[in-house]
Each structure stands twice: as structure tokens, then as C-alpha cells.
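Colleague: A single structure is presented below for examination.
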Amino acid sequence: MLCALAVSFCAVCTHADEAADKARLEAVRKNIAALKAELEKTKSAREELLKSLEDTEKNIGDLSNKAQQIKKQINQGEQKLDALKDERSELQLKKKNEQQQVGQHINAAYRLGQQSSIKLLFNQQDPTTVARNIRYYDYFVQARSEKITSYTATIARLDTIEQEFAFETAKLKSNYDNLKQQQEALNAKKKQREITVAKLNKDINSKSGQLSQLEKDRQNLARLIEQVTAILDETEMRNDTKLFAGLKGKLPWPTQGRVLNSFGSSRVSNKVHWQGMLIGANSGTPVKAIHNGRVVFSDYLRGHGLLIIVDHGAGYLSLYGHNQALYKELGEWVTAGETIAAVGNTGGQQQSALYFELRHNGKPTDPKRWFKTA
């Protein structure tokens with residue numbers, strides 16, 4: 001559920017700093033492990049279902065990520081094949097032209113018969129004519145040699161192209177087969193997830209059950225934020241992350257979609273309210289970082305699914321939940337507008353949407369006030 005938090009945020013660290021960072025990170029990991037053990041104490045049927053859901057959704061995220069990488073490889077392979085096809089066509093035309101030219105040279109040589117430069121010398125009376133004929137003969141021999149050499153090189157390159165083409169075609173087919181397998185496995189996991197979610201929803205179909213679950217989810221996130229904030233107080237950020245406070249009303253939206261629930265709106269019987277916003281979007285839609293920062297959490301969190309948290313410095317954190325796949329890992333720097341995840345429905349959600357929160361010093365703030373207006 002919780003497996004890693006960030007530690008050092010220095011742009012350039014000394015060896016001593018790195019050692020301290022590693023020690024701090026290890027301490028955080030131990031704290032998270034203890035927290036995870038505490039959260040896993042209850043081994044009821046519901047807890048087992050939640051654990052099953054977590055495992056399934058993490059598998060879905062991994063499979064989605066692998067499928068995305070294979071698609072990139074397929075795209076690169078298709079581009080390389082297109083380039084090879086173009087080069088092959090050019091070489092085939094060049095081969096045809098050179099073949100004609102070599103043939104012409106052979107015919108010319110045949111017409112000259114067995115004449116050598118010595119014969120040309122003794123068959124002419126005028127010394128100027130003799131010198132000129134010998135020079136022409138040498139030019140002819142050199143040109144013929146160059147044409148044959150070029151023709152031979154063209155044939156050799158064509159042979160290499162054919163081998164490369166066969167190799168790339170086989171590799172592309174392998175990638176297509178691999179992608180098909182990944183997608184079949186992904187579909188199987190999604191069906192398994194639907195069954196688990198249905199069982200969970202049956203278990204919490206009452207409002208009291210929903211309220212209880214939401215409170216647990218909120219507590220999980222609050223404790224995670226406390227862990228993150230405690231670590232961030234001891235770290236430094238790069239200079240380009242310290243301008244966040246002046247960006248209210250200027251930030252880009254994290255994904256393209258329709259706002260389904262706004263900050264502060266009621267969730268269950270006016271007893272629980274949204275601490276962020278839910279943005280409906282198709283599964284797989286890119287999720288982008290709203291500003292420069294560093295990833296301080298990239299893992300599964302119960303109730304929020306595959307979650308990624310970015311620290312922007314000066315106490316500001318952005319949270320992106322319910323993702324289908326996470327593309328950035330703990331400790332990686334990200335830039336504004338960079339794709340960091342894909343929209344999904346992990347965390348047991350019925351529909352595909354991005355849950356987004358913005359926090360300052362651990363407290364939720366209305367993210368809509370920070371975004372650019374259309």
C-alpha cells in the first residue's frame with residue numbers, strides 16, 4: 001500500500017549529503033512499513049477484498065505501463081521500416097541506372113576490342129593525337145572501374161538493407177504479439193477487478209458504510225501527508241520550484257476533462273466533503289504535472305489507488321489519484337506540463353477520473369483558484 005517517500009531535494013549533493021539522504025529515506029521507509037503493518041492488522045473478509053483490489057489494480061497499472069512502452073517500440077520500429085523502405089527504393093533505382101551504365105561501358109570496351117594503350121600509340125602518326133588517345137583511354141578505364149566499384153557497393157548495401165528489413169520486421173511482429181499478450185492479460189485483470197469492486201460495493205452499500213470507508217481513506221492520506229511534510233521540512237528544493245506561491249490563477253489543469261466534484265462539495269450526507277476535485281476523463285488520458293517539482297510518492301494508497309505526489313517547494317504539494325498507470329518514480333524531477341501518469345479508476349472507483357488535490361503545509365486548498373480560467 002505505502003512503499004516509498006522522497007528524501008533529498010538538493011540539485012547537487014555532496015557525498016555526505018547523499019549519505020544523510022539515504023539514511024533519512026530509510027527511516028521514512030521504516031515508518032511507512034510500520035504504518036502499513038498497522039493498517040493491515042485487521043484481516044476481515046473486507047480487508048482481504050481491499051488487498052485483492054490493491055494487488056489487481058497495481059497489476060493493471062504495471063500492465064498498462066508495459067503496453068505503453070511496447071506501443072512506443074512499435075512506433076519506432078514502424079518508422080525505421082519506413083526509412084528502410086525508402087532507402088531500398090532509392091538503391092534499387094540507383095542499381096538499375098548503374099547497371100545500364102556498366103553495360104554501356106562493357107559494350108564500349110568490347111568495341112575497342114583488345115586494343116591497349118601501346119596499340120593506340122603505334123597506330124597514330126601525330127604525337128598530339130597519340131597523347132590525347134592514350135589520355136582518353138586511361139579516363140575510360142578509370143571511369144569503368146569507378147562505375148563497377150559503385151555498382152558493387154550498391155548491391156552490397158541493398159543486401160544489408162534486406163537483412164535489416166527482415167530483422168526489423170521480425171522484431172515488429174514480436175512486439176505486436178507481446179502487446180496482444182499484455183492487452184489480454186490487462187483485460188483479464190480488469191474483469192477480476194470488476195468482480196472485486198462489486199463485492200466491495202455490496203459490502204458498503206449503506207451510507208454509514210460509505211462514510212466509514214471515506215473516513216478511513218482520508219485518514220490514510222492524512223497520515224501519508226504528515227510523513228511527507230515531516231521529511232520535506234528537512235530538505236531543500238531547486239530554485240525553479242520556489243516560485244509556486246505567485247502562480248495562483250496561472251497554473252495549467254492536470255488533465256483534460258469535466259469537473260465532476262468540486263472542492264468543498266458534499267460527499268455523503270453533508271458529513272464528508274471533497275478536499276480536492278474529481279475530473280472525469282477517459283481511461284488513459286495523460287495526467288500532467290501542474291508545475292516543476294519532485295516526486296515524493298509514487299505508489300498505491302488504499303482509497304486513492306495509484307497515487308503520485310509532487311513537491312513544489314515552500315510547503316506546496318500536488319496530489320494525483322485513481323490513476324491507471326504511473327510514469328514517474330520516487331525522487332524524479334518533473335517539469336510543468338510533463339506527463340506523469342494516465343487517468344484511471346484505481347482505488348475501487350466506478351468511473352474513470354482523476355482525483356486532484358493541492359495542499360499547502362499539509363492543509364487542502366481549493367485547486368480551482370490556482371488554475372487558468374478558460
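Numbering starts at 1 and runs along the chain as it is shown here.
Each Cβ is built from the backbone N, Cα and C atoms, and glycine gets one as well.
The following feature annotations were taken from TrEMBL:
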type	residues	note
COILED	18-101	coiled coil
COILED	169-238	coiled coil
DOMAIN	274-367	domain 'M23ase beta-sheet core'
Colleague: How do the residues of the domain 'M23ase beta-sheet core' (274-367) split into helix, strand and coil according to DSSP?
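Modeller: Split into helix, strand and coil, the domain 'M23ase beta-sheet core' (274-367) gives 1 helix, 55 strand, 38 coil.
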Colleague: Please work out the mean pLDDT for the residues of the coiled coil (169-238).
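Modeller: 67, rounded to a whole number.
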